[in-house]
Amino acid sequence: MEKARPLWANPLQFVFACISYAVGLGNVWRFPYLCQMYGGGSFLVPYFVMLVVEGMPLLYLELAVGQRMRQGSIGAWRTISPYLGGVGLASVVVSFFLSTYYNIINAWAFWYLFHSFQDPLPWSVCPLNGNRTGYDEECEKASSTQYFWYRKTLNISPSIQDSGGVQWEQALCLLLAWLVVYLCILRGTESTGKVVYFTALLPYCVLIIYLVRGLTLHGATNGLAYMFTPKLEQLANPKAWINAATQIFFSLGLGFGSLIAFASYNQPSTNCQQHAIIVSLINSSTSIFASIVTFSIYGFKATFNYESCLNKVILLLTNSFDLEDGFLTTSNLEQVKGYLASAFPGKYSEVLPQIRNCSLESELATAVQGTGLSFIVYTEAIKNMAASQLWSVLYFFMLLMLGIGSMLGNTAAILTPLTDSKVISSHLPKEAISGLVCLVNCVIGLVFTMEAGNYWFDIFNDYAATLPLLLIVLVEIVAVCYVFGLRRFESDLQAMTGRTLNWYWKAMWAGVSPLLIISLFVFYLSDYILTGTLQYQAWDASQGQLVTKDYPLYALAIIGLLVASSTMCIPLVALGTFIVRRLKRGDTPPVA
């Protein structure tokens, strides 16, 4: 059976697959946000501490389990103990949820990529209103980039209760995204192994190009100074440490079963310890590299907005007080404002409500993550660059490569247990199983193309893979160390790879990592309880901004179902296994 199992062509192919999977959108749109929120350069301290005590050990554990058991997540954990099949099933369920909503990001990237060839870029200016007498009111209240995202891309409804219809343009982009994924996974490791070279390397090429361009932009140094200036007081903030641990955990893709699936196609003698260290360090280095690129662009955007604000104030005062053109400049603005306020108090008080308060610090401090960073902040910066179409094409092509690379890992976590199953694989070829998985995911994913789809995207993104993953990885560590036995696992690894397990890995697995995960689990539960009623951000077209609303009861029920459907696999499968084994032994009392 082992000889019949497909293998990676070489160890480098496996490393690229892991890097392509682990290095994803979280590196580009969440890590920079956390740096911005928790002390800039000082955030790197808790981040690298968590990498050492959590990221590397847990990544090594999953790679070692996959390589040792040579099966997907369900089979691997069932081999360790028949009662642990639910751990693998829970991983598959979480990966299924993730694949369902994650690919809509690739659909949005396709949508923006197609529109990037227009001149001017469609999000660079507001459209005219129906009477063609001025600009669209919603766009004027928001901004051209926000309008294109919320109205033209999402056509978002005012609340989650207003479902609206399916947006056929987004549905076609989603279909295209799934078609690309299907072609990449069609022949398993044979096709995936070739694609990962491209999906792993191309984002770095684009990031390097963007870095060179970003560093030459006016105001880039303002963004970089804001990022790297350490705010040491944040080291005493427990949320900084918790978010560092969470970022490491989710960025490496632990608990989904993808890493176990990838490692199961390794040669048994592969040095998975070395691979775990390499992938962890490359993933974290990429986050820092992407942050430098992001903050150079962010500094350009903030400086552009700040200087535009100053120019509007200068124009207003010049026209209001009949000042000579060129007399008022950014350097003497505050001085002249003070003079005008004292010399012409009455007139100045009339103009004062129209004078905007311009602040570079507040522009830099505006924290945005996720889709807001990728599809609003970046597009706003790109539209003000020279040759904006070129930079837009490069950026959204990079997003596509990052998204598709992650999707290859997500689908592998689902497909490997299915193709390992003799019942399924004996009736259906691998290509048919892959096609059915993609088709089912695509059909369910149409929910995210509806007018209220973005609200459901946020629900899946926030709740489908947070608490369940923490529980899954906690059970994984306990299973290896205390069910299978750490000494037994150590001897198996030594027999498999010829390398002894040093004290660092054993200490992390047996004590530090599980305690850290329990702490994260408690934090998430207490945070949800203290939050009270769960809320979401809804788009208010009349105000041109987001407003906070409470989730309706049925949305809360679906949130509970998302969490329970994966986590309950663990105890239910264990209970079912226990009952079946008792029935087989004939230990049940006779029924009267």
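Every residue, even glycine, has its Cβ placed from backbone N, Cα and C.
Quick look at what TrEMBL lists:
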type     : residues                                            : note
TRANSMEM : 12-31                                               : transmembrane segment
BINDING  : Ala22, Val23, Asn27, Ser251, Asn283, Leu402, Ser406 : Na(+) binding site
TRANSMEM : 43-61                                               : transmembrane segment
TRANSMEM : 82-104                                              : transmembrane segment
TRANSMEM : 168-186                                             : transmembrane segment
TRANSMEM : 195-220                                             : transmembrane segment
TRANSMEM : 240-265                                             : transmembrane segment
TRANSMEM : 277-298                                             : transmembrane segment
TRANSMEM : 393-415                                             : transmembrane segment
TRANSMEM : 436-457                                             : transmembrane segment
TRANSMEM : 463-486                                             : transmembrane segment
TRANSMEM : 507-531                                             : transmembrane segment
TRANSMEM : 551-575                                             : transmembrane segment
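Here the features listed in TrEMBL are placed on the structure.
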{"residue": "Ala22", "record": "Na(+) binding site", "contacts (Cβ under 8 Å, 6+ apart)": "Ser251, Leu252, Gly253, Val279, Asn283, Gly409"}
{"residue": "Val23", "record": "Na(+) binding site", "contacts (Cβ under 8 Å, 6+ apart)": "Ala200, Pro203, Ile282, Asn283, Thr286, Leu402, Gly405"}
{"residue": "Asn27", "record": "Na(+) binding site", "contacts (Cβ under 8 Å, 6+ apart)": "Ser251, Asn283, Thr286, Ser287, Ala290, Leu402"}
{"residue": "Ser406", "record": "Na(+) binding site", "contacts (Cβ under 8 Å, 6+ apart)": "Ser20, Tyr21, Gly24, Leu25, Tyr102, Gly253"}
Ser251 (Na(+) binding site): tally of other CB atoms within 10 A of its CB: 23
Contact yes or no, the transmembrane segment (507-531) and the transmembrane segment (12-31), 3+ Cβ pairs under 8 Å, gap 6+: no
Na(+) site, defined by Ala22, Val23, Asn27, Ser251, Asn283, Leu402, Ser406: further same-chain residues with Cβ within 8 Å of the Cβ centre: Ile19, Tyr21, Gly24, Leu25, Gly26, Leu252, Gly253, Thr286, Ser287, Gly405
The transmembrane segment (43-61) and the transmembrane segment (240-265) contact flag, 3+ Cβ pairs under 8 angstroms: yes
Leading contact stretch, 82-104, 240-265, 436-457 vs the transmembrane segment (12-31) - CB distance under 8 Å: 240-265
Chain residues in Cβ proximity to the transmembrane segment (195-220) (below 8 Å; excluding those fewer than six residues from its ends, i.e. six or more beyond): 13, 16-17, 19-20, 23, 184, 286, 289-290, 292-293, 296-297, 299-304, 385, 391, 394-395, 397-398, 401-402, 404-405, 408
Among the ranges 82-104, 168-186, 393-415, 463-486, the one whose Cβ pairs under 8 Å to the transmembrane segment (551-575) are most numerous: 82-104
Contact check, the transmembrane segment (463-486) vs the transmembrane segment (277-298), 3+ Cβ pairs under 8 Å, seq sep 6+: no
Within-chain partners of the transmembrane segment (240-265) [C-beta distance under 8 Å, separation at least 6 from its ends]: 5-8, 14, 17-18, 21-22, 24, 26-27, 30-31, 34, 37-39, 43, 46-47, 49-51, 54-55, 58-59, 62-67, 69-73, 76, 88, 91-92, 94-95, 98, 189, 234, 272, 279-280, 283-284, 287, 406, 409-410, 412-413, 415-417, 465, 468-470, 472-473, 476, 516, 519-520, 523
Segment proximity, the transmembrane segment (277-298) to the transmembrane segment (436-457), 3 or more C-beta pairs under 8 Å: no
Cβ neighbours of Leu402 (Na(+) binding site) where a neighbour is any other Cβ within 10 Å: 29
